[in-house]
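TrEMBL has this to say about the protein:
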| type | residues | note |
| --- | --- | --- |
| TRANSMEM | 29-47 | transmembrane segment |
| TRANSMEM | 54-71 | transmembrane segment |
| TRANSMEM | 103-122 | transmembrane segment |
| TRANSMEM | 128-151 | transmembrane segment |
| TRANSMEM | 163-181 | transmembrane segment |
| TRANSMEM | 193-213 | transmembrane segment |
Amino acid sequence: MREKILTGLVLFVAFTVLAWLDIYALNFVLFVVILAVAYSESAKLFGVSDESKYFVLIAIAFFVALPFVTLEAPFSAAVKLSFFMLIFVASIQAYFKISNLKIILPFIYPVVPIFIMFSLYSDLGIAMFVWMILIVICSDSGAYFVGKAIGKIHFSPSSPNKTLEGVIGGFIFAVIISFLYAKIFTNADFKEIVYTTLVVSVFGVFGDLFESYLKRLANVKDSGEILPGHGGILDRIDGYLFGAIAMLLVYAW
């Protein structure tokens, strides 16, 4: 427990400093590092061997696709980039007759969601990015404590410890914190705050469930060991990956 608390404190301080500085180049490098580690963890969950070789392929696809992508609209850039890369990777796979179709899976998750998460930061700004993170953290923390206190109805077989009462309690807690944050750092009104929090919270919950589902299929407790007491990168960002998609969907249309 001490190790988990210490790691969590370090992550909190690091995130706070990075958000306060808001240096685009530094944050871009951080996203690349997160992408590399998360891809490696995902490849192991999906049973893909020689994941480093395929990550190089994805990196090449990224730089091939980048010149064809315009960065004018939120969400669209990440979607275009993802489709370009998917076509490139599929074409290379077909050309060299790579029979292992599993290599596409780590590209779909978590590579594409991480692209979208970075688009949230680059297109909508650090305030919106932090808001998304805050919603997911609060809904997850609220769900844990409320579930422990009064939870009785199981929410999903993929996560036996998650309860319906906890999920609802987490949403209410997230709305309260969102209101305080959004009123200071955004122009959102009350209805917008509630709607955004609801959508992001729901997506975040299912992001957590999806990663739990993958770990159960792979018969592992954690996606990795890079974060002492917390597991892997995917164990920390699973809710954010789906939450970022939700946030961009809300504000792109």
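Including glycine, each Cβ sits where the backbone N, Cα and C put it.
Unlike curated records, TrEMBL annotations are generated automatically.
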Other parts of the chain folded back onto the transmembrane segment (29-47), taken as Cβ under 8 Å at six or more residues beyond its ends: 18, 54-55, 58, 102, 105-106, 109-111, 114, 117-118, 121, 214-215, 217-218, 220, 223-224, 226, 232-234, 237
- prompt: Which one, 103-122, 128-151, 163-181, has the most C-beta pairs under 8 Å toward the transmembrane segment (193-213)?
  reply: 128-151
